[in-house]
């Protein structure tokens with residue numbers, strides 16, 4: 001594992017995390033991590049976030065059983081955003097949908 005120093009200072013102590021399905025590449029959700037949730041994720045290989053609405057640490061799946069198991073972690077060129085591929089148990093979205101991104105606003109590829 002490559003050691004990097006993520007830039008948590010740029011966005012008030014948080015970094016955005018884009019979470020994808022490691023098999024399909026489908027985007028599952030966007031969440032945020034602080035340094036503590038990032039370290040917990042590295043240590044446990046399960047996703048931990050910072051809940052901005054509840055203002056607390058959030059271990060994904062601890063309540064719902066819908067755990068996310070880390071398969072790979074990448075950072076962007078500025079070291080202030082993460083892209084994490086996971087093995088998803090159940091739904092990623094609190095609505096029960098597999099992905100949080102299920103509402104089409106525009107899709108020019110309707111004939112796919």
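In case you wondered, yes, glycine gets a Cβ from its N, Cα and C as well.
What Swiss-Prot annotates here:
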BINDING   76, 78, 80  Mg(2+) binding site
BINDING   77, 93, 100  Zn(2+) binding site
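On the backbone, the CA of residue 80 (Mg(2+) binding site) and the CA of residue 100 (Zn(2+) binding site) stand 22 Å apart. Of all the binding-site residues listed here (76, 78, 80), the one with the fewest other CB atoms within 10 A of its own CB is 78. The two recorded residues residue 78 (Mg(2+) binding site) and residue 100 (Zn(2+) binding site) have their Cα atoms spaced 26 Å from each other. Residues 76, 78, 80 make up the record's Mg(2+) site, and a Cβ search at 8 Å around their centroid adds 7, 10, 15, 75, 77, 79, 81 from the same chain. When other Cβ atoms within 10 Å of the Cβ of residue 77 (Zn(2+) binding site) are tallied across all protein chains shown, the result is 6.
A 10 Å cutoff on Cβ-Cβ distances gives residue 100 (Zn(2+) binding site) a total of 17 other Cβ atoms nearby, all chains included. Cα-Cα distance from residue 93 (Zn(2+) binding site) to residue 76 (Mg(2+) binding site): 24 Å (rounded to the nearest whole number).
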